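Per Swiss-Prot, signal peptide is recorded for 1-30, and the stated evidence type is sequence analysis. Per Swiss-Prot, O-linked glycosylation site is recorded for SER34. The feature disulfide bond is assigned by Swiss-Prot to CYS57-CYS85, CYS69-CYS103, CYS89-CYS115, CYS120-CYS161, CYS147-CYS174, CYS262-CYS304, CYS290-CYS317, with sequence analysis given as support. Per Swiss-Prot, the feature domain 'Sushi 1' maps to 57-117. As annotated by Swiss-Prot, domain 'Sushi 2' applies to 118-176, with the evidence given as sequence analysis. Sequence annotations record features per position, and here Swiss-Prot assigns domain 'HYR' to 177-259 based on sequence analysis. Annotation comment: Swiss-Prot describes 260-319 as domain 'Sushi 3'.
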Amino acid sequence: MGSPAHRPALLLLLPPLLLLLLLRVPPSRSFPGSGDSPLEDDEVGYSHPRYKDTPWCSPIKVKYGDVYCRAPQGGYYKTALGTRCDIRCQKGYELHGSSLLICQSNKRWSDKVICKQKRCPTLAMPANGGFKCVDGAYFNSRCEYYCSPGYTLKGERTVTCMDNKAWSGRPASCVDMEPPRIKCPSVKERIAEPNKLTVRVSWETPEGRDTADGILTDVILKGLPPGSNFPEGDHKIQYTVYDRAENKGTCKFRVKVRVKRCGKLNAPENGYMKCSSDGDNYGATCEFSCIGGYELQGSPARVCQSNLAWSGTEPTCAAMNVNVGVRTAAALLDQFYEKRRLLIVSTPTARNLLYRLQLGMLQQAQCGLDLRHITVVELVGVFPTLIGRIGAKIMPPALALQLRLLLRIPLYSFSMVLVDKHGMDKERYVSLVMPVALFNLIDTFPLRKEEMVLQAEMSQTCNT
């Protein structure tokens, strides 16, 4: 600043306010670089050649910030007493301290400032997942969410810490959207055993598996359970399982049951057919019989075989041919054994009133007689003029006499004897009997009850 001799002249050139301040400063503290700096470790001070000897506040430099100063003297006096500096931080940084600094008379700035990197709130860790960040929670850091196996990310996969100290997008979550897995067995095919229409089929109950938390509901079955007897046909079996998020997993398979069949048989004309099981399945047996007055020719029973063919020959019902030329009454009766019931009407003369009335009533009830397999045998007269008649066939007198003697039928009075299909004497009558009373008695016979069932199935009835 020149020699001491010229200092008074120079002081006269300074502004009055600055001159006053200079006069108040002790000369011993006025030395180059004596100004105190409020800078922190990340702040840098500097000096300019033109005012390095000015003993005022140190120059300001804020890391990650910009400084705008206005000195009262203008020009290069930006650290002189009274200088005001505005501090602004760069994007992504925030100011810690006052945004306005003033150079004070103690050669110190009015505050200490620093620009620190902005920081967003710590992200919440999503359940069943997590996230990875490039630079923690600081400004411009990118964080990417991820989920554990079995879970799907819902929301923004990537978020960024913004200048407003908030994360971009909405926080993500991990939800269980993957259905549980369940595997069913393969198709079950079975063939029914002989004389059966169902098959017992078993399998292991499938277990579900969840890729998320492994917690599942009970397995729900739709269809018959394992170990059941399955009828013929295709059967759909379905298993369903849910996880805790109500995702549903299903699997299906079929149980196929086949029944070997030979094809349906038909009852012979004027006959009956009774079959076991379903009538035409492997192992089923069909039995045949004929209505009254007809004899069965062919196989009385046929079985459906494993080669799907029926055993035996086709049965037919032929009109019964009674042989009246046999020598004994026993041989005559044997022809009716298990085939026909006999109602033997005996009279000493054809003019007998009871005989004529009874014969008239029986003729009117012919349908009931046929329905109950009853053959009427007439014994008319007394030996040697005795006549035996079965329908249109006439038996010899000697055979007719044997029949009377075998069954102990009175020779000189009207009487009737009812013989069942096993040759047993079931009832005797010495007077007229109404056909309905006769039929009611026969309908109580055990064998007759079986016949009634078959006739009902064949819709065989008498309308009169």
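Backbone N, Cα and C atoms are what each Cβ position is placed from, and that goes for glycine too.
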Enter the number of other CB atoms within 10 angstroms of the CB of CYS115 (disulfide bond).
22
Nearest of the disulfide-bonded residues to CYS290 (disulfide bond) by CA-CA distance, picking from CYS57, CYS115, CYS120, CYS161, CYS262?
CYS262
Round to a whole number and give the Cα-to-Cα distance in Å for the pair CYS120 (disulfide bond) and CYS103 (disulfide bond).
34
Which disulfide-bonded residues (CYS57, CYS85, CYS89, CYS161, CYS262, CYS304) fall within 10 Å of CYS103 (disulfide bond) by Cα distance?
CYS57, CYS85
Return the member of CYS57, CYS115, CYS147, CYS174, CYS317 nearest to CYS69 (disulfide bond) in space, with distance defined Cα to Cα and candidates limited to these disulfide-bonded residues.
CYS57
Specify the nearest of the disulfide-bonded residues CYS89, CYS161, CYS317 to CYS174 (disulfide bond), where nearness means the distance between Cα atoms.
CYS161
Given the disulfide-bonded residues CYS57, CYS85, CYS147, CYS262, CYS304, which one's Cα is the least distant from that of CYS115 (disulfide bond)?
CYS85
Count of other CB atoms lying within 10 Å of the CB belonging to CYS103 (disulfide bond):
26
Helix, strand and coil totals (DSSP H, G, I; E, B; other) for the domain 'Sushi 1' (57-117):
0 helix, 26 strand, 35 coil
With Cβ-Cβ distance below 8 Å and at least 6 positions apart along the chain, what are the contacts of CYS89 (disulfide bond)? List them in sequence order.
VAL62, TYR64, GLY65, ASP66, LEU95, CYS115
Residue from CYS85, CYS147, CYS161 whose C-alpha is spatially nearest that of CYS304 (disulfide bond), among the disulfide-bonded residues:
CYS147
Cα proximity to CYS147 (disulfide bond), best match among disulfide-bonded residues CYS57, CYS85, CYS317:
CYS85
Which residues in the same chain, at least 6 apart in sequence, have a Cβ under 8 Å from the Cβ of CYS317 (disulfide bond)?
PRO268, GLU269, ASN270, GLY271, CYS290, ILE291, TYR294, GLU295, LEU296, GLN297
